[in-house]
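Trainee: Quick one: the structure is below, questions incoming.
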Ligand SMILES: O=C(O)c1ccc(O)c(O)c1
Ligand SMILES: [Mg+2]
């Protein structure tokens, strides 16, 4: 089979924030080849269409389409004649803009007639006038169109109109939102009638199509619609025009346009891989989190070291050439980095004591780096001393580094980089179970794309977690057959734990690290003996737990005595877990025991945890100098 060359990329101005020049600049600098000029962006611009054309030429952007032209077809006179005049005026604009294609979306006008032959006659006339100027027209079914809402109805009109300057525009959202598909399009529609393609994804929501479309569209890969099969089918039918993104999204409109444009281009690179067009370096096997690295200064390193020591961590190594400590409990590693002039130091200045890097174990780091580059993510390599390991890092959307550690049969060789001081002792932890991040509302979709497109993580079902001061929405991303678990938490309220984290640290980042233990009860007893700042859980919780799960009295007493939280899934898998108070209102730790294949995160207990943390934090926060 011959692999066709990749199709030109394009993005609609409506996807991006800012003025028209900002939008063009962002699209061009992200690497798009084409731009859809959304009419409103032209109307609000105080230059001429010719100025827009020149800006696009300077930025190497082709104007792929001018859109939308609304409420055109099947109107009674005199609106019919007026609409054709209106079209002529828009043709003038198109010529000045330097595009030959206009999109007409299906009419929502109450007076539009339900007669496809009338619509076809109008389109024949419009296309005829367009073709006299070397222009073309394409017709798109809006999911909420008055008489035309499906692509087959739009095709029926285009077929009847039978004019070479008239074709179809397909938009994945309008088709997929109605639960429709492109079934049979290759048999019915000749390729030369497939004029334009708009790509958009969206989360599954139950709401009317118009509100869904105008506020919740996403780039392909960020939502849940089957956009890749949609594209594959259209390519099989012979579509050869641009791949153009058309996203109406409230957060995109407010976010920095360059980040959003970059994500858009990434989504198309990923989509072309999904449909087998332009393969990327394959995703290597991921097998867990080798370490979590904190950016600290000397003072914070002391306090944080004390904090984690209450969970049984011990300092086991010092870096051979840098101010970096390795703390370990069993197979869980924490790195405390206070080295000046490093990525960690930069992170510390911007965010204070916080997680600046995660290290994933990967069977082929170089291949993942190549994939990251193909997806336009930035790569970081830290300055190293002689003989030390060079560990590649990838920048996450908030600037946190994801280091890639070569997975080997044995544990990675920390000896290269660290003087190990206290080997041999084992605090018994089995590793890092999951790492949750707090993300500001406008950043979530960037993370979703990062996790899915780069690492191939799959999203778990979303959860609403009620904090006493607002709702936290949570969604975990899972990879490596469950070895890698990364919940993302977002809150519109600045007063929730998640919201306060985001403002305290000026950005996104890790606010919770869970360690896997063999026996939660033993782990709690040991931590309590070290005066760990564990949360107090109210008696009401255990009352309800007993009622919900029918736990035996002695088991319930065992849990409540230790303030252990408990969850059980439908197939009997059990989760026992305990949380600490937060470290300076920033992040907190958890110890978890999983049995019977439990795969969740105890989401049912999150509200109990958040309320307990607020009680705790409004009293004495654990600052490291003293516990409880
Ligand atoms: O929401 C709209 O009106 C609208 C306009 C033009 C489009 O291409 C579209 O998909 C939707
Ligand atoms: Mg559209």
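Placement of Cβ uses the backbone N, Cα and C atoms for every residue, glycine included.
Curation does not apply to TrEMBL; its annotations are automatic.
According to TrEMBL, the record shows the following:
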BINDING   140, 171, 198, 246  divalent metal cation binding site
DOMAIN    288-407  domain 'VOC'
DOMAIN    431-580  domain 'VOC'
BINDING   434, 512, 590  Mg(2+) binding site
Trainee: Measure from the CA atom of residue 512 (Mg(2+) binding site) to the CA atom of residue 171 (divalent metal cation binding site) and give the result in Å, rounded to a whole number.
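Mentor: Answer for this pair: 40 Å between alpha carbons.
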Trainee: DSSP three-state call for residue 171 (divalent metal cation binding site): helix, strand or coil?
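Mentor: Once the DSSP labels are grouped into three classes, residue 171 (divalent metal cation binding site) ends up as strand.
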Trainee: Taking helix as H, G and I and strand as E and B in DSSP, count the residues of the domain 'VOC' (431-580) in helix, strand and coil.
Mentor: 56 helix, 52 strand, 42 coil
Trainee: Do you know offhand how many angstrom separate residue 512 (Mg(2+) binding site) and residue 140 (divalent metal cation binding site) by C-alpha?
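Mentor: Roughly 46 Å, rounded to the nearest whole number.
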Trainee: Of 171, 434, 512, 590, the binding-site residues listed, which put a C-beta under 6 Å from ligand 1? Please answer none if none do.
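Mentor: The qualifying binding-site residues are 171.
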Trainee: Do any of the binding-site residues 198, 434, 512, 590 touch ligand 2, in the sense that the CB is under 6 Å from one of its atoms?
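Mentor: Passing the 6 Å Cβ check against ligand 2: 198.
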Trainee: In sequence order, which same-chain residues at least six apart have a C-beta under 8 angstroms from residue 140 (divalent metal cation binding site)?
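Mentor: 68, 103, 104, 105, 106, 154, 168, 169, 170, 171, 174, 198 - these are the non-local Cβ neighbours of residue 140 (divalent metal cation binding site), listed in sequence order.
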Trainee: Beyond the listed site residues 434, 512, 590, identify every same-chain residue whose Cβ lies within 8 Å of the center of their Cβ atoms for the Mg(2+) site.
Mentor: 433, 435, 436, 487, 513, 514, 588, 589, 592, 601
Trainee: Given the recorded divalent metal cation site (140, 171, 198, 246), which additional residues of the same chain have their Cβ within 8 Å of the Cβ centre, ordered by sequence?
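Mentor: Other same-chain residues with Cβ inside the cutoff are 103, 169, 170, 172, 173, 174, 196, 197, 199, 200, 244.
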Trainee: Using Cβ atoms only, which residues of the same chain lie under 8 Å from residue 246 (divalent metal cation binding site) while being at least 6 residues apart in sequence?
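Mentor: Expected: 12, 14, 15, 36, 171, 173, 198, 199, 200, 217.
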